[in-house]
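As structure tokens, the structure follows; a few thoughts come after it.
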Ligand code: 76R
């Protein structure tokens with residue numbers, strides 16, 4: 001029996017992880033570096049203007065560890081816009097000094113496990129719209145990872161009834177709610193778009209809260225039995241000034 005959960009989708013998401021080719025950056029002359037920085041700043045400005053007009057949102061973070069040096073997380077109305085941003089960025093002088101580390105394509109998703117159906121069209125509800133088309137918080141830290149729900153013989157999420165899944169999601173939501181005000185989560189669905197089923201993007205002003213929240217969830221049935229995780233990326237907010245400082249030799 002098909003008991004697929006109804007989902008609502010909002011803005012499309014591109015997490016674009018890059019590394020900096022420091023050898024090439026150091027070998028460039030001052031003029032070339034200045035051009036690269038100007039172009040980078042022009043893009044950062046353009047993306048913040050798009051955000052001010054509520055046509056999308058962009059978050060820029062440096063990444064700690066060797067998986068990448070920074071991430072550009074873009075939310076836009078269409079996949080076409082994400083593609084255009086990616087291509088425009090790739091054409092910049094600055095992008096020539098970066099290499100592609102990882103990327104993730106998904107769409108902001110809300111599922112109806114816990115939705116109170118008041119009969120109204122959720123797409124007319126401003127609270128729902130604000131969650132589907134969120135302005136990304138400028139929190140001090142970001143944490144991103146992709147994940148699946150298991151399809152093993154004994155632990156197959158997709159063979160459970162809606163009621164069984166709803167009970168588990170209720171418990172999941174209750175744990176999450178304890179972190180209200182400390183961690184902001186954006187769940188993006190990626191079935192059909194990328195290699196995992198969801199992207200989880202968390203924002204916090206205290207990075208330790210990522211560990212505490214994810215650890216607590218591991219003991220909860222839905223994560224303990226069904227969750228499989230990809231690589232974790234964690235990083236620090238990059239204002240345009242900090243970005244420039246990071247690139248200073
Ligand atoms: O949308 C809602 O807030 C309602 C409750 C809720 C749903 C439906 C919710 C709450 N989540 C939902 C769906 Mn979640 N979430 C994760 C992870 O690390 C892990 O073990 C799992 C990664 C975290 C850290 C997290 C945090 N959530 C989902 C789904 C889709 C499931 C599906 O459709 O089958 C995934 C993959 C997922 C994973 N979740 C919350 C949080 C937090 C902090 C909350 C509370 C939000 C709040 O009440 O403000």
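A Cβ is built for glycine as well, from the same backbone N, Cα and C atoms used for every other residue.
Just so you know, TrEMBL annotations never went through curation; they're auto-generated.
In TrEMBL this protein carries:
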type: ACT_SITE; residues: 145; note: active site
type: BINDING; residues: 131, 145, 146, 147, 148, 149, 172, 185, 223; note: Fe-coproporphyrin III binding site
| Listed binding-site residues with Cβ under 6 Å from ligand 1, out of 131, 146, 148, 223 | 223
| query | By CA distance, which of the binding-site residues (131, 172, 223) lies nearest to the residue listed as 'active site'? | reply | 223
| field | In the chain carrying residue 146 (Fe-coproporphyrin III binding site), residues 6 or more apart in sequence that have Cβ under 8 angstroms from it | value | 104, 190, 194, 195, 196, 197, 198, 199, 200, 229, 230, 231
| Site extent for Fe-coproporphyrin III, whole Å (max Cα pair distance, 131, 145, 146, 147, 148, 149, 172, 185, 223) | 23
| task | Specify the secondary structure state of residue 148 (Fe-coproporphyrin III binding site) as given by DSSP, simplified to three classes. | result | strand
| said: Using a 10 Å cut-off on CB atoms, tell me which of the binding-site residues 148, 223 is the least crowded. | reply: 148
| said: Give me the count of other Cβ atoms within 10 A of the Cβ belonging to residue 131 (Fe-coproporphyrin III binding site). | reply: 16
